[in-house]
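Single-structure report; data block below.
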Amino acid sequence: MSGFQAQLILLSLVSYVIGSIPFGLLLTAVAGGGDIRKIGSGNIGATNVLRTGRRGLAAATLLLDALKGALAVLIARFFFPGASETTMAVAAVAVVIGHCFPVWLGFRGGKGVATGLGTIWVLCWPVGLACCVVWLLVARLSRISSAGALAAFLLAPGLMVLLSGRPLHTPIPVATLLISLLIWARHSSNIARLVTGREPRVKVDQASRR
């Protein structure tokens with residue numbers, strides 16, 4: 001094993017651990033909201049935290065989940081020996097895997113949307129901005145958060161190629177594609193409900209009044 005390969009393994013582990021911090025679970029518990037895994041969909045992400053009726057708590061979860069994605073890529077970019085697009089791509093994928101499959105929760109985590117967006121903001125901020133706009137616009141119009149997330153990550157790989165000028169086969173577009181595929185896979189049950197018209201809508205206005 002080469003030194004660079006060993007560094008990539010270490011970076012993957014560091015990024016995975018960062019991603020596996022379950023902010024939704026921790027914040028809800030500290031705020032006296034109980035175990036978020038026993039509320040709503042049982043997911044630890046911001047959308048399910050919003051179902052507790054605590055809009056500020058959901059916003060904090062969204063922000064912190066995004067920041068851990070950004071942090072992993074920033075570590076790979078500025079603090080890791082031999083920093084390159086490859087190290088940034090590895091960190092981006094590993095931190096999203098950590099969020100989706102945290103060892104502390106029996107590998108049952110979130111769906112990776114906020115963390116994925118956090119990585120993309122650092123990899124190429126115009127793509128991150130475009131994905132956020134798509135997500136928020138579709139979610140606002142449909143009142144279905146999963147629809148916004150799926151739309152954003154359907155477009156993310158193509159946007160990365162177009163806006164960053166990188167060929168599809170290079171590390172950062174490949175990482176964006178892998179993250180998008182993982183997020184779509186994590187939304188398989190949502191997709192099934194969207195097809196049948198049974199996907200629940202997020203009652204943002206009701207939540208904001210609590």
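Every residue gets a Cβ built from N, Cα and C, even glycine.
Note that the structure is a prediction, hence the values are computed from the model and not measured.
As annotated by Swiss-Prot, transmembrane segment applies to 8-28, 56-76, 87-107, 119-139, 144-164, 165-185.
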Query - Leading stretch by Cβ pairs under 8 Å, where the reference is the transmembrane segment (56-76) and the options are 8-28, 87-107, 119-139, 144-164, 165-185 - result: 8-28
Requested in this report: Go through the chain and flag residues at least 6 beyond the ends of the transmembrane segment (87-107) whose CB is under 8 A from any CB in it; none is fine as an answer.
Outcome: 7-8, 11-22, 25, 37, 44, 65, 68-69, 71-73, 75-77, 80, 115-116, 119-120, 122-123, 171-172, 174-176, 178-179, 182-183, 186
